[in-house]
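Read through the structure below, which is laid out as structure tokens, and then see the notes.
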Amino acid sequence: MKPLIMLICFAVILLQLGVTKVCQHNEVQLGNECCPPCGSGQRVTKVCTDYTSVTCTPCPNGTYVSGLYNCTDCTQCNVTQVMIRNCTSTNNTVCAPKNHTYFSTPGVQHHKQRQQNHTAHITVKQGKSGRHTLAWLSLFIFLVGIILLILYLIAAYRSERCQQCCSIGKIFYRTL
């Protein structure tokens with residue numbers, strides 16, 4: 001009987017790990033809650049609950065929103081760099097080396113093309129979100145857990161020890 005109790009506990013734990021809350025397209029996941037997003041240039045100062053809405057605060061001048069909760073100081077380009085884009089409340093300053101044609105910042109790929117009059121054109125491509133990857137990974141872990149649970153139950157009921165002590169095991173063993 002102890003293996004069955006342990007197996008049930010294991011299944012409950014796997015179910016808890018495998019269940020992920022999926023928010024609607026117009027919501028963001030904050031902890032275990034799905035909340036409406038903050039406005040542009042604002043950070044989360046208090047997470048929503050079932051009874052209250054999310055509380056947002058604008059980032060002060062000279063900072064930009066970094067993630068959902070933080071305002072980060074804007075980067076200052078140094079003397080060996082050229083400023084490509086000014087810092088705003090939603091995006092950091094984009095700096096590039098004066099003599100290079102390619103550069104990158106985390107999560108964003110940039111390509112700078114110099115023309116004869118030394119103006120720059122930038123193409124920006126955002127990185128992909130990891131939310132779908134997390135959902136698929138959770139589903140995979142859940143399914144592997146269920147398969148292991150089924151295999152364990154079959155092995156337990158087929159064992160001689162279980163057949164001798166459990167009438168259910170004898171019935172189950174005969175049907176397989």
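In case you wondered, yes, glycine gets a Cβ from its N, Cα and C as well.
Residues annotated as signal peptide in Swiss-Prot: 1-20. Summarising the annotation, Swiss-Prot assigns repeat 'TNFR-Cys 1' to 22-56. Marked as disulfide bond by Swiss-Prot: C23-C34, C35-C48, C38-C56, C59-C71, C74-C87, C77-C95. Look at Swiss-Prot and you will find 58-95 tagged as repeat 'TNFR-Cys 2'. Annotation comment: Swiss-Prot describes 134-154 as transmembrane segment.
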Other C-beta atoms that fall within 10 angstroms of the C-beta of C87 (disulfide bond):
20
Taking the Cβ of C74 (disulfide bond) as the centre, count every other Cβ atom within 10 Å, in any protein chain shown.
17
I need the most crowded of these disulfide-bonded residues: C34, C48, C77. Count other C-beta atoms within 10 angstroms of each C-beta and give me the top one.
C48
State the Cα to Cα distance, in Å, between C95 (disulfide bond) and C56 (disulfide bond), rounded to an integer.
29
What residues, ordered by sequence, lie under 8 A Cβ-to-Cβ from C59 (disulfide bond) and sit at least six positions away in the same chain?
G41, Q42, R43, V65, C71, S89
Nearest to C87 (disulfide bond) by Cα, among C23, C35, C38, C48 (disulfide-bonded residues)?
C38
Residues of the repeat 'TNFR-Cys 1' (22-56) by DSSP state, where helix covers H, G and I
0 helix, 13 strand, 22 coil
Same-chain residues at least 6 apart in sequence whose Cβ lies under 8 Å from C35 (disulfide bond):
E27, V28, Q29, V44, V47, C48, S53, V54
To the nearest whole angstrom, what is the C-alpha distance linking C74 (disulfide bond) and C56 (disulfide bond)?
20
Calculate the distance in Å between the alpha carbons (Cα) of C34 (disulfide bond) and C56 (disulfide bond), and round it to a whole number.
15
Rounded to the nearest Å - Cα separation of C56 (disulfide bond) and C77 (disulfide bond):
29
